[in-house]
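K.L.:
Look at TrEMBL and you will find C:15-34, C:46-66, C:78-99, C:130-154, C:160-179, C:191-208, C:230-251, C:272-298, C:318-346, C:367-387, C:393-414, C:421-440 tagged as transmembrane segment.
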Amino acid sequence: MPGIIRILTIIITVLPVFFSAAEAQLKELALEGPSAVVKEGYFTLNLTGTASDENYQQLEIEQSTDENFTQVESRFPFLGNFTQISLSGFNNGNYWFRARGQSSDGTEFTTAPIAVTVQHYPLWQALTLFSIGAVMFLIVASYILLAARKGGRRHG
Amino acid sequence: MIMSLSVFSGLIWLALVLTIATPVLLLALLVKDFISNQVW
Amino acid sequence: MAETLTTEYALSTELGLTLVVLFGAAWVLFGYWLGRKNKTHEDFALAGRNVGFAFAAATAMATWVTSNTTLVAPQLTYQFGIWGMVGYSFAALGLILFAPLAKRIKTLLPNGYTSGDFIRLRFGRMSWHVFIVISVVYAFGWLVSLGMAGGILLEALSGLDYHLGMTAILIICVGYTLFGGLRAVIATDFIQALIIIIGVSVIAWLLIDNVGLDTIHSQLGSDHPKLLDVLFPAAIMFLFNNIFFGLGEIFHSNVWWSRALAFKKNVAFKAFLVGGLLWLPIPIVTGFIALAAPQLGIFPPSPDMVGPTVAAGVLGQVGAVVVFIVVFSALASSLDSLLAATSDLVTRDIYHKHLRKDASDGHLMRFNRYTILGLGILTWLLCMPRIATLGALLNFAGAFVASTIFPILLGLYNRRLPGRYAAAAMAVGTAVGLCSYFVIGFYVAALSSCAVSGLICAVGVWRSNEQFDWQQLDEKPDSQSPQTDKEQLQ
């Protein structure tokens, strides 16, 4: 069993070496984001098409309000070698993101931009659920307090 | 509605002070239990 | 900066391993030393029913400081901002509201061992079966997620192989629980509580000192405004669901019942109350760590990594050591409690009450120890494949546990709720909670489960004319004469 795993590991690590030369031009780095409208203001972006042995430098996400990135509003660096990044706290709106970085051989790249739409839950919906929860909590808490006082007297 | 800086700092500081007070209280309680032989 | 964080781990593998071995050896020896006094099964499972106030309050607090408080509180703060951390800290309400229940439990079941005992005596076999399923799903979900979190965290911080780290933490916790029983669990909880609190305070203090609250506030306001928004819809929706999740966890789980039964009689109420109040500010301190991430340019690949990453990233080697010790302690203080409480449930409810009614005290104590070992091995096997989705089990556990809130409450205080309604409330509540989790969203699972189960219980109370006799809960131990016990209760 360990033998098989070792062979598999070798295949997996060696395979890209054979293909990387041919694929270098073909491989398309792309940014992937949430496909649906984001209702919580947080989401995860993924850089796909990366080679597992590649050590990208200065990998970061750029954010803009338009597709052409006439003005880059924020930059979010990736953590270490990770090619995935979690962002949070966005207001309602349309945001454009693209990833920039450098391969280990020094070639700079920028991915095609992707759009993320953030549309939070309507406040009335949130407050309705909040009120239902609050009422239920009051029922539980007051029942405990009343019952404990009664029970305490009986058993005290 | 953004939480203001003063409320934000107040919240964090209050939580931090209360948290730091906890070990002191727990140790004092243990000493008290120990003296009155009520640990277990 | 980014370079050093990735190509090298925050701690060297040797240092990580040394810390694990040192803490592990200390705790196992401590457990062995505390276990010398255990003469009977009652000693082993319930620490002689005589735990004092200091240990009681500390164990209530420390057990509730799980890996969740050190990992999930920052995660929720990273996602939901202010409401994430404040909302998470409201889980303290579970401990606070359990305080009167603990007193009641001590009074009604002076000789009880587990929450399963209560359900069996109060509601009968059918409810007991439903309850055991809920308990086991919850306990294993939690055990496995703790074991996995241990392995993942040790690996993330020190590069220690996942399987090695996970195995080490399980061996250590099984080891001292096996030797010392509940006494060891409670005493280590006390020390672990001190370590956790001092550790998170130091990290938060250094963050405020290095980065500054005003810088954090202005950075969040400009780039991540929703995190400071008091009217953040998703966060408002999450709030009460989280509270009901916490209530369900505490009200049903034998982790808390065995503590209520183990505490001295006049200590149970105030220990849970003080434990809850002490716990309240901790998630705000751990959650705050996540709010500093944007200012520091730290954007984690997944939100659950934010806490340790920020602490280790900012404070370097020292921070990493502190994080390592804190999370290790938090994991251990929950893992040992769960092992002890679940093995009690298996020994008492399944083995003693259903398979071997004539088992002697020494036999039960031995069986309890084998069960701890067995649970440890089973958890280890389930943790081996490192299935990420198993961690997600805890996400919908809310649907399971919240259905027990009303049956437990009414069972303890109301004579009229019949067993079949309690069983239906738990089963239907869980089913509805699970459906709404998948159909509507995570923020309604516990809420809908609790609401449906509450309605069924209300119908049960309204339609029944049962008058349950509380004396039936006081099951006499075989060795004692029934006479003395009755006198004790009055």
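From the backbone N, Cα and C atoms, a Cβ is placed for every residue, glycine too.
Remember, predicted model here, so these are calculated numbers, not experimental data.
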K.L.:
Select the range from C:78-99, C:160-179, C:230-251, C:393-414 that forms the most Cβ-Cβ pairs under 8 Å with the transmembrane segment (C:272-298).
P.N.:
C:78-99
K.L.:
Sequence-remote contacts (6 or more beyond its ends) of the transmembrane segment (C:393-414), Cβ cut-off under 8 Å?
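P.N.:
101, 104-105, 108, 115, 118-119, 122-123, 127, 131, 134, 137-138, 141-142, 144-145, 241, 244-245, 247-249, 251-253, 422, 425-430, 432-434, 436-437, 442, 445-450, 452-454, 457, 461.
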K.L.:
Tell me whether the transmembrane segment (C:130-154) sits in contact with the transmembrane segment (C:78-99), defined here as at least 3 Cβ pairs under 8 Å among residues 6 or more apart in sequence.
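P.N.:
No, the stretches stay apart by this measure.
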K.L.:
Give residue numbers and ranges for long-range contacts of the transmembrane segment (C:230-251): same chain, 6 or more residues beyond its ends, CB-CB under 8 A.
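P.N.:
Those are 64, 76, 80-84, 87-88, 90-91, 93-95, 97-98, 101, 138, 397-398, 400-405, 408-409, 442-447, 449-450, in sequence order.
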K.L.:
Relative to the transmembrane segment (C:46-66), which of C:15-34, C:78-99, C:160-179, C:367-387 accounts for the most Cβ pairs at distances under 8 Å?
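P.N.:
The stretch I would name here is C:78-99.
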K.L.:
Same-chain Cβ contacts of the transmembrane segment (C:160-179) under 8 Å, 6 or more residues past its ends?
P.N.:
13, 16-17, 20-21, 23-24, 27-28, 30-32, 34-35, 147-148, 150-154, 185, 188, 328, 331-332, 335-336, 339-340, 369, 372-373, 375-376, 379-380, 383-384, 386
K.L.:
Okay, the transmembrane segment (C:318-346) and the transmembrane segment (C:15-34): do they have at least three CB pairs under 8 Å, pairs separated by 6 or more?
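P.N.:
Contact between the transmembrane segment (C:15-34) and the transmembrane segment (C:318-346): present.
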K.L.:
Short question: which residues 6 or more past the ends of the transmembrane segment (C:318-346) have a Cβ under 8 Å from it?
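P.N.:
Long-range Cβ neighbours of the transmembrane segment (C:318-346): 10-11, 15-16, 19-20, 23, 27, 45, 59, 62-63, 65-67, 69-71, 113-116, 132, 135-136, 139, 142-143, 146-147, 149-150, 153-154, 157-158, 169-170, 172-174, 176-177, 181-182, 184-185, 188-189, 192-193, 195-196, 199-200, 202-203, 206, 253-255, 257-258, 307-308, 311-312, 368, 371-372, 375-376.
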